[in-house]
């Protein structure tokens, strides 16, 4: 081996870069082409943006098989008379029963 110039960065050393360019092929030879190819093709690791997968739309027939749930009625819960009448009851009780 020839001595390497210490002023060069490690990624610029002779022989550190492959002689051929990287390709989109996923064969065994191309997967082991260089470290970058091995990581992306061989191991399947990519740090770029993930592409959105389009969801498969279900066939139109499958929607008819789903059971439709009845919607709950919009009745107020709690006291059916409402808060206004309750206030009136409290006022009447205080008028009829003077404690002080």
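Note: Cβ is positioned from N, Cα and C throughout, glycine not excepted.
If you look up Swiss-Prot, you'll see 61-76 marked as compositional bias 'Polar residues'.
Secondary structure at residue 28 (N6-acetyllysine), taken from DSSP and collapsed to helix, strand or coil, is helix. Annotation comment: Swiss-Prot describes 28 (among others) as N6-acetyllysine.
Residue density at residue 50 (N6-acetyllysine): 7 other Cβ atoms are found within 10 A of its Cβ, drawing on all protein chains shown. Residues or ranges marked as N6-acetyllysine in Swiss-Prot (evidence: sequence analysis): 50 (among others).
Listed in sequence order, the same-chain residues six or more apart from residue 51 (N6-acetyllysine) with CB atoms under 8 A from its CB number zero; the list is none. Secondary structure from DSSP puts residue 51 (N6-acetyllysine) in coil. Look at Swiss-Prot and you will find 51 (among others) tagged as N6-acetyllysine, backed by sequence analysis.
Among the features that Swiss-Prot reports, asymmetric dimethylarginine is placed at 52 (among others). Annotation for residue 52 (asymmetric dimethylarginine): no spatial neighbours, criterion Cβ-Cβ under 8 Å with sequence separation of six or more.
Look at Swiss-Prot and you will find 53 (among others) tagged as asymmetric dimethylarginine. Shown in sequence order, the list is empty: the chain has no residue 6+ apart in sequence with a C-beta less than 8 angstroms from the C-beta of residue 53 (asymmetric dimethylarginine).
Per-residue pLDDT, averaged over the region 'Transactivation' (1-48), rounds to 82. Per Swiss-Prot, region 'Transactivation' is recorded for 1-48.
The feature site 'Essential for Tat translocation through the endosomal membrane' is assigned by Swiss-Prot to 11.
Taking CA atoms as the reference points, residue 28 (N6-acetyllysine) and residue 50 (N6-acetyllysine) are 24 Å apart.
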